[in-house]
Amino acid sequence: MLKIDHLYFSYNNVKNLLTDINFTLNDGEYISIIGSNGSGKSTLIRLILKLIEPTDGTINNTFKNMAYVPQRFNQLNIHFPITVREVLASYKKVRHNGCQDISEVLNLLNLKEKEQTLIGQLSGGQCQKVFIARALLGNPDLLVLDEPSNGIDVKSRDEIYELLANLNKSKKMSIICVEHNLQAAVKNSTLLYHIKKGHGHMCLPERYAQEYIKNDLGDIKC
Amino acid sequence: MLEYSFMQNAFLISFFIAALCPVIGMFLVLRRYSMMGDTLSHASLAGISIGMLANQNPVLSSFIVVSMFSIIIEWLRKHFRTYAELILVIVLSLSIGIAITLLSSGLVHANIDSLMFGSILTVTKSDFYWVLFFSVISLFLVYRYYAELMFIVFDEEGAVIAGANVKLINYLFAVLVAATISISIRIVGILVISSLIALPIAASLQLEKSFKQTLWYGILFSYIDIFSGIVLSYWLDAAPGGIIAINSVILLLIVLFYKHKIRSNKKRIIQE
Ligand SMILES: Nc1ncnc2c1ncn2[C@@H]1O[C@H](COP(=O)(O)OP(=O)(O)O)[C@@H](O)[C@H]1O
Ligand SMILES: [Mg+2]
């Protein structure tokens, strides 16, 4: 379970980016975080992953094994000399306990024949799938993704969402996903969390689809 | 040539530094920190002068001083992320200041030429033992933490989340850089060390291979650069540093040319 209470966060140059954030993620839930660019979605994720400390408030996290699929795969240095296999093998080595087989994860994501390919020679969608594969290697109980479908081809996008829905349903994996893709958010997640001007509110996907969209569509790209 | 004991020492030492420099260089280059070699080589000049003042072996005194500066750079890197090059300039100024003051005041007497340009005549057996000591430990540590180091240069944040002790490994790496520079100075000289760290890797990166293969090609290129440099410097009676630097640029150009040729050949085949 993840419980956030009265969370505040400011960067040095951006004051009160997040103000009084409250939400609870129960085991097995799939939350999509939505909001306009610069509203602080990635920052909230970084707080949850303990990469940065809240200015105020508490984050109570009972998940033992978090994994993260970063947003910035598209700003990756495409000349970095590393193969898909090396990305996964180094993760496995660093985690050194209870990791899955690399080939199994690669099969799951249809990346088997890309094993020896350099990261920079993959398409955007394949590259995103490599980061998802890396995250899944350690059998996480909480999977955190930052805009997984941003800038990738339709086929990979569909594969990724099918996989996420499957992991959530059959393996009861908890998922937090920052989402640009409103359709996917409404379709897959159990809850939506909308951040706007520092404040957040939770809503059910169906209700969001019906009501909220009408007033707020300009705020969100979908 | 090999009958001279100084040549034997030079070859023995080169055998180790030729492996260590590109290994450390690989991680520095990929971190966009190749100029660190330059800064720290100047710190080693300060270290050598202080060592002479205290009557210590120059490799050891240089290692201690350079490690200190290297750790300070790593610490500042966290705090001045946006001004990374500025940190290098600050440390460079401080160390060159210390070195010039000590060397020009007459407190210590050193052969500046051999420090700057490298020398094969002045290396001693005791230098060799220090080189052996530091390079075996350094190579072992890189081997031991290879996955962590590769992960950190590729994705530092991801490494933190995966549970690697990123801070500790970064500081450890800072010390490894210091060791590499301190042992290489004697042969290649202060002015050339950063090209030895960066250029073999710059050449091997052109081949677009996996991380491991890039590293091995870097080591191969480094061996070619250094050994041909030492042999030529013996024949030409010139400082090894200069020749090694020229060789590494020539090798890089050859690789670039070769790559270009393969590319255009491929294009022609596709067109036909
Ligand atoms: N490390 C940082 N230091 C200072 N400001 C930052 C940092 N990261 C993000 N910001 C700023 O905080 C705001 C929110 O960023 P972010 O959380 O990435 O938004 P989102 O993911 O919703 O697009 C932006 O205005 C951004 O410029
Ligand atoms: Mg973001």
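Heads up, the Cβ atoms here are built off N, Cα and C, so glycines get one too.
According to TrEMBL, the feature transmembrane segment maps to B:6-30, B:60-76, B:83-108, B:128-146, B:158-177, B:183-203, B:215-236, B:242-258.
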Exercise. So what's near the transmembrane segment (B:60-76) in sequence-distant terms, Cβ-Cβ under 8 Å and 6+ beyond its ends?
Worked result: 36, 39-40, 43-44, 46-48, 50-52, 54, 87-88, 91, 94-95, 130, 134, 170-171, 173-175, 177-179, 181-183, 185
Exercise. Under an 8 Å Cβ to Cβ limit, what residues of the same chain, 6 or more beyond the ends of the transmembrane segment (B:158-177), are close to it?
Worked result: 24, 27-28, 36-37, 40, 66-67, 70-71, 73-74, 138, 141-142, 145, 148-149, 151-152
Exercise. Cβ under 8 Å to the transmembrane segment (B:183-203), counting only same-chain residues 6 or more beyond its ends: which ones?
Worked result: 10, 13-14, 16-17, 20-22, 24-26, 28-29, 34-35, 37-38, 41-42, 44-45, 48, 58-59, 62-63, 114-120, 122-123, 127, 130-131, 134-135, 214, 217-219, 221-222, 225-226, 230, 239-242, 244-245, 248-249, 251-252, 255-256
For this session: Check the transmembrane segment (B:215-236) against each of B:6-30, B:128-146, B:242-258 and return whichever range has the most CB pairs under 8 Å.
Result: B:6-30
